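Below: the structure, in structure tokens.
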Protein chains: 4
Amino acid sequence: MMPNADPLLHDDDKPHEECGVFGVWNTTDASALTALGLHALQHRGQEAAGIVSLDEKGIFHAHKGLGLVGENFGDAKVMAGLPGRASIGHNRYATTGETALRNVQPLYADFEFGGFAVAHNGNLTNAFVLKRALVRRGCLFQSTTDSEVFVHLIAISLYTTVLDRLIDALKQVQGAYSLVALHNGALIGARDPLGVRPLVLGRLPAKMGGGYVLASETCALDIVGADFQRDIEPGEIVVIDDTGLHSTKPFGKVASRFCIFEYIYFARPDSVTEGTPVYATRKSIGAELARESHVEADVVVPVPDSGVPAAMGYASEAGIPFELGIIRNHYVGRTFIEPTDQIRNLGVKLKHSANRPILAGKRVILVDDSIVRGTTSRKIVEMVRQAGATEVHMRISSPPTTHSCYYGIDTPERSQLMAAQHDVAEMARIIGVDSLAFISLDGLYRALGKEGRDPKKPAYCDACFTGEYAIPLTDWQANEEKQLSLLQPAAQ
Amino acid sequence: MMPNADPLLHDDDKPHEECGVFGVWNTTDASALTALGLHALQHRGQEAAGIVSLDEKGIFHAHKGLGLVGENFGDAKVMAGLPGRASIGHNRYATTGETALRNVQPLYADFEFGGFAVAHNGNLTNAFVLKRALVRRGCLFQSTTDSEVFVHLIAISLYTTVLDRLIDALKQVQGAYSLVALHNGALIGARDPLGVRPLVLGRLPAKMGGGYVLASETCALDIVGADFQRDIEPGEIVVIDDTGLHSTKPFGKVASRFCIFEYIYFARPDSVTEGTPVYATRKSIGAELARESHVEADVVVPVPDSGVPAAMGYASEAGIPFELGIIRNHYVGRTFIEPTDQIRNLGVKLKHSANRPILAGKRVILVDDSIVRGTTSRKIVEMVRQAGATEVHMRISSPPTTHSCYYGIDTPERSQLMAAQHDVAEMARIIGVDSLAFISLDGLYRALGKEGRDPKKPAYCDACFTGEYAIPLTDWQANEEKQLSLLQPAAQ
Amino acid sequence: MMPNADPLLHDDDKPHEECGVFGVWNTTDASALTALGLHALQHRGQEAAGIVSLDEKGIFHAHKGLGLVGENFGDAKVMAGLPGRASIGHNRYATTGETALRNVQPLYADFEFGGFAVAHNGNLTNAFVLKRALVRRGCLFQSTTDSEVFVHLIAISLYTTVLDRLIDALKQVQGAYSLVALHNGALIGARDPLGVRPLVLGRLPAKMGGGYVLASETCALDIVGADFQRDIEPGEIVVIDDTGLHSTKPFGKVASRFCIFEYIYFARPDSVTEGTPVYATRKSIGAELARESHVEADVVVPVPDSGVPAAMGYASEAGIPFELGIIRNHYVGRTFIEPTDQIRNLGVKLKHSANRPILAGKRVILVDDSIVRGTTSRKIVEMVRQAGATEVHMRISSPPTTHSCYYGIDTPERSQLMAAQHDVAEMARIIGVDSLAFISLDGLYRALGKEGRDPKKPAYCDACFTGEYAIPLTDWQANEEKQLSLLQPAAQ
Amino acid sequence: MMPNADPLLHDDDKPHEECGVFGVWNTTDASALTALGLHALQHRGQEAAGIVSLDEKGIFHAHKGLGLVGENFGDAKVMAGLPGRASIGHNRYATTGETALRNVQPLYADFEFGGFAVAHNGNLTNAFVLKRALVRRGCLFQSTTDSEVFVHLIAISLYTTVLDRLIDALKQVQGAYSLVALHNGALIGARDPLGVRPLVLGRLPAKMGGGYVLASETCALDIVGADFQRDIEPGEIVVIDDTGLHSTKPFGKVASRFCIFEYIYFARPDSVTEGTPVYATRKSIGAELARESHVEADVVVPVPDSGVPAAMGYASEAGIPFELGIIRNHYVGRTFIEPTDQIRNLGVKLKHSANRPILAGKRVILVDDSIVRGTTSRKIVEMVRQAGATEVHMRISSPPTTHSCYYGIDTPERSQLMAAQHDVAEMARIIGVDSLAFISLDGLYRALGKEGRDPKKPAYCDACFTGEYAIPLTDWQANEEKQLSLLQPAAQ
């Protein structure tokens, strides 16, 4: 059950988003709506899913499982075990070795004031420093997730109300996070002071009770029939209870730094993020890219699925036909054939296949959204050449990914980032293309409707392209050991 | 584990292809190549998969399982249990109630001359008549598949050689089929006399041993690195042994009637079928459709994924922007939430979501490949309207599906075919569109490069559009009961 | 899931019975009674179980599974899928490699006259000769069980009625068998002409409908509340239908040769077999053994569980205290620790442990029912000595097992039978006992109430002790290959 | 997979022991020895098992699972994941609803001083009072087991060394417990001040490294080849590290009160507990019972398996033949047929069957070890009468069970204890016997070698017979709610 255990399948040229969150207050079928919302957010994490519900008597119910939402919450008996009018849920992406059930969110704890469940998307940058201090104090950790740090900080807080305890905890943590929490009295949503990770507020129609919904993206509002109200603001905490929605901003005013990579790759194309529609933005990025790095060619071919809108924008701007020259196979299961040497040499791509009649004898512009390690790009270029392309030009709808993300996206270390180790000319040679171009940082900001990047006060978090980390990397700077002597599970 | 058990998921507006087949002779890793080939053919059947290999000592090995190829053949131990230089495999689509492991192909039997394994794509139209006679003779049937009729006919044939026995059997069956078979001495491929179902021949490069490959589509040759040689011809039997390839045509010359629906929907877009590239053909059909049924609009939006190429052709011909106004969610597992009334009323679409910013306030042309029951079309139109479209015009890249297929495609009975029960105006009203148009039969043939349909000698099998069944429907005409008293399995 | 895969667990010093059968006609809950009956017969086969039922409309239903009866038929949904007033069932013991689901009985076939299900206990000695002829005729075999030979012979019989076809089939087979069969009209029971394997007839009380029951042993009548009527006679066929019970004896009169090993080991102690209570018989055998091979000692200790009654009889006759000096651990699962060298040297016995306070400093008489390979005996003796026994005398309640059984009991080949390779003195030395004695053949017959063994006309089948095989060993004498080119399953 | 979910199977006339523990220090194959030891202790808990090992680098490894030891630790890969020269393990009995994996011991925690694992047998009587205080302090509980209270108390202790922290924790808890713990430096064993629950010390032979072993019973020493050294004393803590064994007694001198029910039912007959062999003791109890309550009869029949030694003692003392008149079926899986009304009326006993030839026409003395609810006894008596017994006299080798146990044995509430609700005469009538007698309390003490019970200073804990609870029942007296708002899992 190791996900992506096979090298033929592992798509190491894509960063991985860590999570999607969803919460709903005051509606029938709260858990069913949460399952639907998590399904719409499935692209943000496929390794595990969990839902906690709160019933009318104040009792919490939970179900978690490894795998997709539909695999875990498709059973009527499971859903019947999650009664109540309030619920939160979580999709998880997990790196190898941590896919244990005990790490699947939402986390739950019994506090003096009653039960409390929490789920978050993002990453704390001082989690290990905090954890070490908490362990010294006698706190017992059961999982290896950042979320548990939140929970312990709330548990030991000297404040009385849940909200004050939560603020107390949030003031101690550093990092990028959007969280949803549930206790016997309220649904809570919060974003980090810079608003790096997304969180939106929606409302169910009156006929469904008019309850509030929190979700990582608007696509999750759409699926449950909720109307988009607004983004939760950076640093805002919203408390939703039976008297309505209450907002507080304990961190004062901080300039927002939303994650620019959400636009490039993570967010679903039908979502609207921070007021900007994702699909149209990707087309604009493609058009800007075409203006910046024109090349003569016969066809513009996207690397599906994520490269499609940018390729459409590129093709339209460049006046070159857009064609589906690469077909994506969506029937890829979780494991596949361990490749023998012969098969490895075939350069088999289980996810992608070349549409030979489109590529043979053509000068091809390949449009993709990013290059991480470069291994997948190299295989795709090889496949396109084997299909008969006479020239292959690669255009990337993001600047070179030169730095790791510590704010909730699973990028490899710098040593494995191709753009951190090589200049563009070398990358082109390694990948095997006739030309390679990335969109410029200013071009990217222009496509997002800015004048360009204001180096003094950038509108977005773009640390993966610039190395300018807006939130302190405390654990890494303190050279903390990332792991305490945590229990190793035996093989299953 | 019931596939498609949930009404929210079941995509009843698409016909279902019954199978994909693959075979390879004389190569190392024969089973691994078969698994790759079946993976490339996964779109032809997702319910079950099976592989039989033949090792150097003449011993056959088999593994079958419910689910995707990657789920069944991703384990190194399983693959190690399938040694040998020759192998055949099968992907199965199965209707509910028949998804028993005993029905998963390839079928295997011990004959007087040794072991024999066979897998086929298609449907026999006199299977029940033959089966009744065989049971009377004392033959014991273990499965409910047509393939077993082949096997018994071969077993009781009075001819001596395997090839003569196979010809003897094929002369008794009626129907549409492409089959691959394996015995201790040869890999065999065969197509029915009209060549309704596809089968192609490829050859591995010299460095992989130069062995032959048989597959339902060329995309399965591509993935294993085999060069396309030619289509197996209608009525042709090829025997591939260590002396090479031997062809025989026991049925004489019959006019070909290839399944036209393979071009419209079934075949993968990167395949080349009967000399015609599928992707380009679908774009041509879309362009022809645009010429036939023009309408003023703001955007052309495909119903993904199958409607995409036709929509591109339509948009280009009509000069209207092509936009991804509907997003497909590929993370749909095999089961999902049993819908409560409230959720049912939401009209939730788990597979599709509306890209609101693209649709709101727009006149939309929706392009899809076919309408079967019409239920999915109605839901999609409702979703597009809820997203704010001011007009919705639906264009279908096939003629109205007015008749059931008896040649290997799982279409519902005529009573459930919307186009068999309603005229186009009524269909438009029921589906809820402002206008509805199907491509004409002649237009379809033109897009395929013909002058139009020659009613005396049509180039394709188009019975689903015309009711002209080129192969006798013996079982149905004889009013045979389809089921003998077959054993009912208890619940699992 | 390989049963007994671990050398620490495999109990190779016991022969394995191959099966238990059960059938019932005309009662509500027929399948539930069959499940109970099979549970009572679980000692006759633990690898797999199957039940077929026949409902009021004449439709057959089936469920089969690997493992114990309770593991497969404990689910209400499964039982609900087995409706009807008639049912047959089967417990299977299977040798490694053949534990495939396709081999689990009852077997079922669609005949010209309708459905037919059959299950048997025993072994055919000309199965392969018959199978080869049937395959030549064009019959397809799906399993590797003898039962399928019955089914094909019935299928191709030229007789008209089911009974005549069955007699036709039985006249062609050789071997030892008790079978139950079910078709749409009757429950059938049959024993081979010599009556080697057991089959008893019972009747449900009037309040349960008064229907007939067939079972391998009386303990299965007891559990369903049926009254014992009589043994089915050697060579008798009973047909039970709605008009009552009809008996026929197509083989004429043959002297009975019931399996003597049923008394020694196989049958459950609370069963009454061929008119003789098993428990009391075992005590008599123990007493006879004490008379034949007296030795001075402090305690008589049985090897549990099967050696207990004989040890009680021995102790009572010898006037030496009976003590539970060896404890059996009944919580042995199906797999266990792969022994490291260190653990192997411990001589760990997972099934048995020494009751040290009873054994230390004592002269011990160990009573067991048989010695097959001798490996378990050796380990038990070593364990008893390590516990401090000063002398160990082993007494065996059967004569030396010098020959393999071909009549339904899974004994190893002669080369692995300790008593076929060594005389008693050598055996004692290898096993490590101070003395070893087996009951004499005449003594065994005496304990069974005979005057001794009549060498001209022995009352029982005792081929495993004498090598006198009453039924021809056709397959072995014809030196038939036991296996055709049967399909090998890949690893699961 | 609900254990004992079926009323046909549930053996509610037996109390359930809660656990078995095992630990080993300084040997190769430490985990394999622990698995063997737990296998020998399987009778003390069958619902779940867990093992923690400590490798040479000081890293802890764990594996836990529901089910038997052999089902969870029979896989070589699992065992390879548990390396190291030290290990502890636990067998768990769990009441319905708590069989969650998170409750399976050993529990593990990361402390400031490193990792710490602990497993215990028994029950704390002030766990909820302590837990409430700990939650108020901010401690987060992940399981519902008593063991976690130990862990938190150790975590927050202000002492420095592990041993001092453990003593600090033990001084705060009340209850009956034997525990084993492991940290990076030592294996620890401890018994509660009264020594209610057992714990023994053994030592591996020199060729196995001479390491120490801790186990609930001596039978677990036997299986791993360890020599029995001594019982851990009441209130003793032993610390076993590389310098040897260190003993401390922080509670001073307290009179021992070992659980008398271990002798009657729980302990394995081949164990020696507190210097007394269990098997011989049970025979003595049977003999004492015969002297106290003689009755004329033909046979003495044990209710197997636990009643066997007492019945042997009874029969020998009374001079009445001992016979196995009831046969136990050991092939009872975890679930079984949901009984229909008809089957319920059969009074089917899946675990026991009557040996009719022994019982018919006889005056029978049934010997069992205890009567809890009385339901099983009633069914067994009915079965014995149906088999033809003319008289049934029941003799019980313990005094009437009139009070619940709060010290680690799962007895039902008093309202369900037959002896708490009825006098012996009524019990006899309800159970349906001709006479019923229990051993007297003094008789029981006599059989254990005492002069009788000293009411001022009883040698054993006999609260279940007397209601004299030696350890305060704090939680129950404080009328604490037993449950905080613990998370409810959804159905699996």
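Cβ from N, Cα, C; glycine included.
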**Request:** Look at the Mg(2+) binding annotation in TrEMBL, where A:ASP368, A:ASP369 are given, and name the residue from A:SER306, A:SER316, A:SER435 listed for that site too.
**Result:** A:SER306
**Prompt:** According to TrEMBL, A:CYS259, A:CYS461, A:CYS464 bind [4Fe-4S] cluster; which of A:CYS139, A:CYS405 is also listed for that site?
**Reply:** A:CYS405
**Request:** Specify the secondary structure state of A:ASP369 (Mg(2+) binding site) as given by DSSP, simplified to three classes.
**Result:** coil
**Item:** Euclidean distance between Cα atoms of A:ASP368 (Mg(2+) binding site) and A:CYS19 (active site, nucleophile), Å
**Value:** 23
**Asked** Rounded to the nearest angstrom, how far is the Cα of A:ASP369 (Mg(2+) binding site) from the Cα of A:CYS461 ([4Fe-4S] cluster binding site)?
**Response** 17
**Spatial neighbours of A:ASP368 (Mg(2+) binding site) that are distant in sequence (at least 6 apart) but have CB under 8 A** = A:PRO302, A:VAL303, A:SER306, A:GLY307, A:SER377, A:ILE380, A:MET394, A:ARG395, A:ILE396, A:SER397
**Prompt:** Going by DSSP, is A:CYS464 ([4Fe-4S] cluster binding site) part of a helix, a strand, or coil?
**Reply:** helix
**Prompt:** In this structure, which of the recorded positions A:CYS19, A:CYS259, A:CYS405 has the fewest other Cβ atoms within 10 Å of its Cβ?
**Reply:** A:CYS405
**Request:** May I ask for the distance between A:CYS464 ([4Fe-4S] cluster binding site) and A:ASP369 (Mg(2+) binding site), taken between their Cα atoms and rounded to an integer number of Å?
**Result:** 14
**Request:** Sorry to bug you, but what's the C-alpha spacing from A:ASP369 (Mg(2+) binding site) to A:CYS259 ([4Fe-4S] cluster binding site), rounded to the closest Å?
**Result:** 15
**Complete:** As a whole number of Å, the Cα atom of A:ASP369 (Mg(2+) binding site) is distant from the Cα atom of A:CYS405 ([4Fe-4S] cluster binding site) by 16
**Message:** Please report the three-state DSSP label of A:CYS405 ([4Fe-4S] cluster binding site).
**Reply:** coil
**Complete:** When pLDDT is averaged across the domain 'Glutamine amidotransferase type-2' (A:19-243), the result is 91
